[in-house]
Structure formats: C-alpha cells, structure tokens
C-alpha cells in the first residue's frame with residue numbers, strides 16, 4: 001500500500017505541476033493513459049486492465065449539459081457576467097415532465113453552489129435517482145448549477161486574460177459578493193420569479209454566508225438556504241492532510257508568482273487521465289491508495305465509500321482555483337470568519353484598518369437548515385455549531401444520522417439519498433408550499 005500511495009501521489013503531483021504551468025486554458029492533446037501504466041504499472045497488478053477499460057466509457061468525457069441530456073434531462077448552458085467582469089458558465093437542469101405542485105405553476109428555482117476545486121458536475125456524478133441535482137429536478141425544481149470564477153467552466157472575462165495576475169486576484173469573498181449574487185439575479189430574471197432556494201456544499205456554503213452578510217439586497221430573495229458541511233470558521237479542522245496542504249500555500253504561491261502562475265490544479269487531460277486510470281476498479285493496488293487519500297482529507301466511512309465512482313469524479317475534478325482562494329482557506333484555520341488578510345499595511349489600503357474585518361453572521365437572516373457529518377475531518381461539529389449560534393434565522397442545525405459520516409459523503413456516499421437528500425428535499429418542498 002505504501003508503494004501504491006507514493007506512486008499515485010508522485011504521479012498526481014507531477015501532473016498538477018504541469019497543469020499549473022500550462023495554464024487553465026491551454027489546449028493540449030488528450031493524454032493516452034498508457035504512459036502512466038508504463039511508469040508505475042509493472043508492479044501494480046490490474047492497472048493495465050483499468051487503463052484499457054477507461055476507453056470504453058463515454059460518460060467520462062461528457063460535460064454537465066451533455067451528461068444531463070444523456071440521462072434524459074433538459075439542460076442548458078448560460079453565461080452570467082458579474083459586476084466586475086467575470087463570465088460564469090452556468091448549467092441549468094430540468095425535468096420538464098415532472099409534475100408541478102399546482103397546475104400551471106412555475107417550477108421553483110434552486111441555485112446550487114459547489115465545493116472547493118470543483119464544479120457543477122459535483123451534483124451530477126451519482127447519476128439519476130441519486131445525484132441531488134437530478135433528484136431536485138425530478139421533484140419539479142428548476143435547477144441552476146453554479147460555477148465560480150476560475151473553474152473549468154468560468155475562465156472568461158470581459159477584459160482580462162487568464163494569463164494575467166489580475167484575473168486570479170480573488171478568493172471566496174468574491175464568490176459570495178459577486179458570483180452568487182449575479183447568478184441569483186440572473187436566474188430570477190430568466191424565470192420571472194422573485195425568490196429562489198439555495199443549496200450549498202462546503203465552499204458553496206461559505207459563499208452564501210458571505211452573501212447573506214454582505215449582500216442583503218440579494219439575500220432577501222432567498223426563500224430557504226440548505227447547507228451541507230458548512231464552512232465559515234474552520235479552526236477545529238481535524239484533517240492533518242487538509243491543514244498541511246493549506247499551510248503549504250504561501251510557499252507555493254510565492255514560488256509560482258515569478259513564473260506567472262496564479263492558479264492551481266486546473267482541469268487538464270493529463271490530470272484527468274491519471275486519476276481515471278490509477279483510481280479505477282481494475283487498479284487493484286492504486287485504487288485503495290485513492291481511498292486512503294480521500295479518507296485522510298475527508299474522514300473514513302468504509303460502508304459509504306463509493307470507489308467505483310472515482311473515474312467519473314476525477315474526469316471532472318479538480319476544476320481549478322486561484323492560489324489566493326486557497327490562501328483564504330488557510331487563514332480560515334484561525335479562529336473567526338474573516339475577509340482576506342493582506343497584512344497590516346495592505347489591510348489599511350483595502351479596509352481602512354490594520355486587521356481583516358470579520359463577516360457578521362448575525363446579519364444573515366435567510367431561513368437556514370444546516371447538516372453536518374459527525375466524522376467530518378474538514379469542518380468539525382464544534383465549528384458548525386458555533387456558526388449556527390451566530391446566524392439569525394436557523395431553522396435546524398443537525399448531524400447526519402450516521403456517526404461515521406464524512407465531508408465528501410454529502411456528494412459521493414452510497415446512501416446520500418436515503419440519509420440526507422430525501423429529508424432535505426422534503427423540507428425544501430415544504431418551503432415552496434408555504435409561499
């Protein structure tokens with residue numbers, strides 16, 4: 001196992017470095033997974049079979065719109081421009097045959113926010129009947145899937161290029177003050193509705209906390225906020241892997257800047273091929289290494305682990321972000337929930353004070369239901385309960401009824417529909433009927 005983990009990590013790190021240097025919008029030929037097999041395949045039984053089987057699954061190469069249409073859903077790509085010029089690729093998914101609660105009624109709108117280094121695909125990977133976006137569409141919701149600035153589907157700007165440092169000068173602050181408000185306003189305009197519901201997971205919850213605190217003009221239109229593994233303060237995070245990666249960001253950021261690299265882990269054919277091959281079911285030694293890496297970051301829950309999905313997950317993950325965004329998460333390991341800390345002198349220029357201001361969660365009046373995992377190593381229950389205590393309109397703040405429930409279980413677990421989604425959807429439908 002140790003050899004497999006080292007081989008996998010070495011390969012992924014090599015690809016990550018190459019991906020960052022090439023840039024998020026470089027067009028390069030798709031990689032033949034054979035090079036990975038040649039590099040580490042000899043001592044790893046089953047890897048060759050995994051690499052070969054990958055070529056026969058067309059779902060690996062479909063984008064969220066294509067994937068949703070493949071499963072029979074009505075899906076669209078929309079482009080939303082933020083006030084500061086970022087052009088976001090937004091995916092809309094509907095089941096046009098789903099029954100409405102009332103004849104002639106419009107489908108209720110739900111906006112969904114994805115986690116760090118991810119994309120709209122996160123809510124689709126489990127497939128029909130299991131993926132939350134599809135389940136919501138089947139229940140009659142008009143689903144709008146967010147892609148924040150800098151990820152695979154949001155690499156355009158009205159004036160900036162991804163090769164410019166200014167393009168990558170953002171963190172999750174802008175996700176909450178710019179990206180999410182722009183999407184919500186756009187979705188309301190397109191549908192002719194005056195309110196939406198919101199579902200966020202991990203970083204997707206961070207965005208809504210910030211929008212609620214900083215953009216009451218848009219927050220007033222959110223009928224219900226459902227948050228999974230909510231991240232505001234994260235000072236009690238128990239994952240040594242998560243902490244270790246974040247603590248390395250200042251050094252990596254400093255080393256990358258002279259090379260003109262301001263992004264990290266964009267999606268590339270090389271990185272996708274590596275993950276799809278080394279983490280496939282046929283990779284008898286390296287797939288357990290993939291499981292071990294997930295466990296180290298997210299928490300261990302063997303009965304819920306869905307390793308067969310890894311090729312589908314890794315064909316779309318990671319989706320890239322800025323170094324600054326990860327650095328903001330690093331700062332979030334300290335107590336409190338603060339805006340980006342530029343250092344004393346620059347804080348004066350940005351904020352007019354020596355320290356980074358706190359987000360005032362008591363200003364979040366959105367009706368809120370939060371769900372957390374007892375075995376989540378990224379966001380500890382203590383931090384979640386502290387966040388809940390500061391919000392002004394919490395309807396519920398509860399642990400999933402599984403003592404081993406981890407961070408990534410909210411989107412990848414085998415029993416996510418039974419243990420989380422059905423309850424959440426029932427409450428979302430109650431909110432619709434109470435309008």
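Glycine is no exception: its Cβ is also placed from the backbone N, Cα and C atoms.
Caution: TrEMBL annotation is automatic and unverified by curators.
Annotated active site, nucleophile per TrEMBL: 202, in sequence order. The active site, charge relay system annotation in TrEMBL covers 376, 407. The domain 'Partial AB-hydrolase lipase' annotation in TrEMBL covers 66-125. Sequence annotations record features per position, and here TrEMBL assigns domain 'AB hydrolase-1' to 130-412. Residues annotated as signal peptide in TrEMBL: 1-19.
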C-alpha spacing of residue 407 (active site, charge relay system) relative to residue 376 (active site, charge relay system), in angstrom: 5
Secondary structure content, the domain 'Partial AB-hydrolase lipase' (66-125) (per DSSP, counts of residues): 9 helix, 22 strand, 29 coil
Rounded distance in angstrom between the Cα atoms of the residue listed as 'active site, nucleophile' and residue 407 (active site, charge relay system): 8
Arithmetic mean of per-residue pLDDT over the domain 'AB hydrolase-1' (130-412): 95
Packing count at residue 202 (active site, nucleophile) (other Cβ atoms within 10 Å of its Cβ): 24
Sequence-distant neighbours of residue 407 (active site, charge relay system) in its chain (C-beta under 8 A, six or more apart): 202, 229, 297, 298, 299, 373, 376, 377, 378, 379
Other CB atoms within 10 A, centred on residue 376 (active site, charge relay system): 29
